[in-house]
Amino acid sequence: MELLQSLLLALIGVIGIPSLSLLSWAIYYDLYRSEIPPGFDSPLKLRGLHCLAIMAFTAGKCLELLGVCRQVAVIRFLQSFWNPRADPSLSSKDLHFDGVPVRVYQPKTPSAGPRKGFVFFHGGAGMVGSIAFYEDVCSKIAKETDSVVVSVGYRLSPQHLPPAQYKDCLAATIHLIQNAASHGVDPSKIIVGGDSAGGNYACIVAQKLVEISDLPKLRAQVIIYPYTQAMDLNLPSYQQNSSMPILFRENVAYFGLKYTGKDPSLLGQVLKGSHVPDSMRLKYGKWLSPDNLPERFKGRGYKQVPLAPYEPEAYRQLSETLEADFSCLFAEDTVIQKLPETLIVSCEYDVVRDDALLYKKRLEDNGVKVSWFHVENGFHGMINFFKGCIFAFPTAVELTDSIVDFVKNL
């Protein structure tokens, strides 16, 4: 409750309007815009969490319109109030790996030999999130798997446009591989992973590393509800969960445009897919086809929607979003087939659920060993809510436990 009170007080102090007005707007927006499917088992708790997010983003947008600061600056400020206590069984050090800030978590108990290493990339659309915000997640992984966990504080957009984010993640990972012994890590047992945008970076880092022949191979990758493509935002999950908190379909496109520094007026083209040339539709269509999804995921009112006619100007402005450095699903088979053993985590009520499922299919088709954990009552961003507050979700515990179990069994 102290955290929630702090967040609310910060919102009131920063934006300077009565809290009741801000809260009333958040409740109205949530009830008017959100559509929580009947099968979800904690709708009131999720609505409460969504209202807090709406209040934060509204405060940020107001300040941005007033010319005070960027919206993301307000979100980052509010996230800084989330300050979990360090686990007493772990030591943690703030370091720099090849110039990239990291926090290294290590069990205090002596180990008989080198430990596994887990390089974690946080989520947040490449614009928010931090090492501190993911303290609980990384501490749980380090403690319960007896591993060394490196949490990477990569540069954030819009101050640093992509590909700065994945390049920082790659640099930090390579540094750990090359200096594993000094951190008590076995260089042959290094894992990369992350959630949401961080899951995308983990995919890209793993793809880049298979092309570097003079480094030990990654032991595994852990991909948690990633976005993997920017071509088709009308897949079943995008329709079924289009208004499911806390990530709406239109916000996937909006945040993607803000992240890449593009004009938000391109939102319509992204949503309908008119930025995709015919040649790419032909090449990538076989990987994006709903036919690659199990039948169970094509219900709940899904209707196949073809991409809109191609608009060359839209492609000119958005072409990089269709490259493998952004849409990791589009990497060539020669790269995919060299990837390490993988855990993919997907959530039923997540707008980007099918991005994870399609990447899973590509890995399996190329002979990569894949473990899959599907959270039936899961939603996007839930990994941070497995403990310690009124917004804790039992399914978030299941999610984090699946990561722990996978790492322990490697």
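Cβ from N, Cα, C; glycine included.
No curator has checked TrEMBL annotations; they are predicted automatically.
If you look up TrEMBL, you'll see 118-261 (among others) marked as domain 'Alpha/beta hydrolase fold-3'.
Residue density at Ser196 (active site): 24 other Cβ atoms are found within 10 A of its Cβ, drawing on all protein chains shown. Taken from TrEMBL, the feature active site applies to Ser196 (among others).
Here TrEMBL flags 324-383 (among others) as domain 'Alpha/beta hydrolase fold-3'.
If you look up TrEMBL, you'll see Asp350 (among others) marked as active site. Long-range Cβ proximity for Asp350 (active site), meaning a same-chain Cβ under 8 A and a gap of 6 or more residues, is found for Tyr225, Ser237, Asn241, Met244, Leu247, Gly378, Phe379, His380.
Under the heading active site, TrEMBL lists His380 (among others). There are 24 other Cβ atoms within 10 Å of the Cβ belonging to His380 (active site).
Secondary structure by DSSP for the domain 'Alpha/beta hydrolase fold-3' (118-261): 62 helix, 25 strand, 57 coil.
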